[in-house]
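Here TrEMBL flags 42-63, 75-95, 107-136, 157-184, 216-243, 255-277, 289-309 as transmembrane segment. Under the heading domain 'G-protein coupled receptors family 1 profile', TrEMBL lists 57-307.
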Amino acid sequence: MVTFIPLLISPDAAPVPGQNYSMVTEFILVGFSNFPQHLLPTFFLLYLLMYLFTLLGNLLIMATVWSGRSLHTPMYLFLCALSTSEILFTVAVTPRMLVDMLFTHRIITWTACASQMFFSFTFGFTHSFLLMIMGYDRYVAICHPLRYNVLMSPRGCARLVSLSWAGGSVMGMMLTLIVFHLTFCGSNVIHHFVCHVLSLLKLACGKETSSVTLAVILVCVSALMGCLFLIVLSYVFIVAAILRIPSAEGRHKTFSTCVSHLTVVIVHYGFASIIYLKPKGPHSMDSNTLMATTYTVFTPFLSPIIFSLRNKELKNALKKSFQRKFSPLSS
């Protein structure tokens, strides 16, 4: 069933010198196994539909932007990159969760666990970096409209997107190497439906575990809060510029170009803060599992809905696209 490799841990990595330990090479994902079995089909169907809608919604946005020449602008280039990161993030996390709902064999290998953590970190951080760049795009468009074409040239936009993906990959690789450099011995049960970093660090043994845990938390918080700070700073300047517009109609029209991005930022960081900044208390494993799905499943599900409904230009392009496909006579 579960494979262990006998290992003699060094005195620095074990509390008792000279004692034999077993190094874990496979993990068991608890996930939804503690939920009542009659509820699992309902959860499976719900999360499957949300997963499929996330994929289809983001693919539809990308296809609409690609086919509509009026949408070939920096803002929608960034939106396509954001949709790509959301698709890849959900593919890295959700299928495994769905499969584990149907089967009792919830074992994941050491390599598969490391791979899942790398990809979830990479696409998660890339998503945050892209949201930050989209905030910068709105700042340049509203506060420096005359310099927009220079600052947001096609080459400059491609460079910003490339830096976001490179930054996400570096963060994912660095954090994964730090975590899996540790030795995992004793229990191999992960109380989560994915290889969640904090749940995994609880299984590590050795004196360096506490310092590694602190380092991982500091790196993640610093990167995400840094992105949030720059987004907030961008909107401080944006609001100041909007308030200087004399007409109410002009203020409304200008701010409407930011609503969809701002809403996604609030949802993205709002659900993340609910999960990771909630006070410690007598929360059950089941409630923690459900709360974790709000960030891994529900947030990517909401994103294409928000951009489709709150972005007037994209919404009109989607309507025209559907009319061309399903109502050729009216077009």
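Note: Cβ is positioned from N, Cα and C throughout, glycine not excepted.
Automatic prediction, not curation, is the source of TrEMBL annotations.
When each of the listed stretches 107-136, 157-184, 216-243, 255-277, 289-309 is scored by C-beta pairs under 8 angstroms to the transmembrane segment (75-95), 107-136 comes out highest.
In summary, the transmembrane segment (107-136) lies against the transmembrane segment (255-277): three or more C-beta pairs, each 6 or more positions apart in sequence, are under 8 Å.
At the 8 Å Cβ threshold, with sequence separation of at least 6, the transmembrane segment (216-243) comes into contact with the transmembrane segment (255-277) through 3 or more pairs. When pLDDT is averaged over the domain 'G-protein coupled receptors family 1 profile' (57-307), the result is 89.
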